[in-house]
Amino acid sequence: MGARASVLSGGKLDAWEKIRLKPGGKKRYRLKHLVWASRELERFALNPSLLETTEGCKKIIGQLQSSLQTGSEELKSLYNAVVVLYYVHQRIDVRDTKEALDKLQEEQDKSQQKEQQKAADKEVSQNYPIVQNIQGQMVHQALSPRTLNAWVKVIEEKAFSPEVIPMFSALSEGATPQDLNTMLNTVGGHQAAMQMLKDTINEEAAEWDRLHPVHAGPIPPGQMREPRGSDIAGTTSTLQEQITWMTGNPPVPVGEIYKRWIILGLNKIVRMYSPVSILDIKQGPKEPFRDYVDRFFKTLRAEQATQEVKNWMTETLLVQNSNPDCKTILKALGPGATLEEMMTACQGVGGPGHKARILAEAMSKATSTAIMMQKSNFKGQKRIVKCFNCGKEGHIARNCRAPRKKGCWKCGKEGHQMKDCTERQANFLGKIWPSNRGRPGNFLQNRPEPTAPPAENFGFGEGITPSPKQEQKGEEQAPPLVSLKSLFGSDP
């Protein structure tokens, strides 16, 4: 048993006895498990001394791993113990058996990925639709009907909207000029747009010929001629020549060059079909910020500008053209905020909850302002008290230190206090109220005179003038104001 137990010693044995058999369990690995593992290895015709080293444990793991699916419980337990021992030899801390198995699986996955990457690097680079056959020859695979159908469907539904360009770029990955012409020929309608595209291609082909003149003299044997603009466009070159240019050493990527020309023409077409300028994209008062960002970047994609200019438009116009609510939030974030931070901060702006919160904040500010104004007004209206005893300000008579004045503090007479003083004083109209005689000064003293306008003369009695006698008689008959004749007539 001593030989079997000598697999671990010292610190490694202590680490072995700290590892649990199951996650959260009480039982831990002991020395008896090493003895049992040695006996099981002998039963499976394996050398027990392999348990003493890291490499030996790795060999045992490789040997047992292939039999795990069909093996018994004893085999699985032996495999688990060897995996734990493998990490103990490497002095890697594991808490239980499951953690050791997870680490081993992760390690094996990384190793497999590295091997696949090495194998891929050794193989010849292959770009669809040009692939390498079994004999090692580069052959062409035509675009599938599904790819062409997807392209036609995009044109029919989107009608040269900005998202057509990335769709074309994805479908034409690695395509030859012949494949690109096939995609363009499948477009049935929009012939005006296709004519614009042809004009752009011809302009770019002429520019290519100007920048790449033909070298004088014959072409050396075994060497391909240099492609002209029409060769890149696929009108004067064969499929085999295109494949040779694309796979040669050094290669001439005629497919990628032609693809750039087409995308340049598509940008002009998208600009024509989407005349809205990026400057006109502004967020509505109640429009969600997410919808505004979608419209902004959709229009930005159609802009014919460099990436630096588009980045500047995104940093400046996206904030500048937002509504006031979002603009306040975005300016508070600062110029270095990411798009994710902007959309998170402006989420819910414009909705009923946001409006209610803004209104509550405004009302709270207005209320606090009114309270502060009231407090300040009360402070400004502080009365200045005056002492009736000495006549000085700043204290009242109760607290006056001067000798008490004798008599009434108002009239100066003795025998009564100021509250009982009958000295005449002005009423609220500013008139003196006479004491003990007559009516108060705020009552009318005389009988009011009538203030009605004189009776109008309508001209009915212009020819009749009363005689002086009648006037005198009328005056005599009029009773005095204090008489009762107006009520009882001629009653004696």
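In case you wondered, yes, glycine gets a Cβ from its N, Cα and C as well.
Swiss-Prot lists region 'Interaction with host CALM1' at one of the ranges 8-43, 224-259, namely 8-43. In Swiss-Prot, the feature motif 'PTAP/PSAP motif' is placed on 450-453, out of the ranges 102-105, 198-201, 338-341, 450-453. Long-range contacts of the region 'Interaction with host AP3D1' (12-19) within the same chain: residues 28-31, 34, 84-85, 88-89, 91, 93-97, 100, each at least 6 residues beyond the stretch ends and with a Cβ under 8 Å from a Cβ of the stretch. You'll find the Cα of Arg404 (asymmetric dimethylarginine) roughly 120 Å from the Cα of Ser144 (phosphoserine). Using a 10 Å radius centred on the Cβ of Arg404 (asymmetric dimethylarginine) and all shown protein chains, the other Cβ atoms total 9. Broken down by DSSP into helix, strand and coil, the region 'Interaction with host PPIA/CYPA and NUP153' (185-223) contains 22 helix, 0 strand, 17 coil.
Helix, strand and coil counts under DSSP for the region 'Interaction with host AP3D1' (12-19) come to 5 helix, 0 strand, 3 coil.
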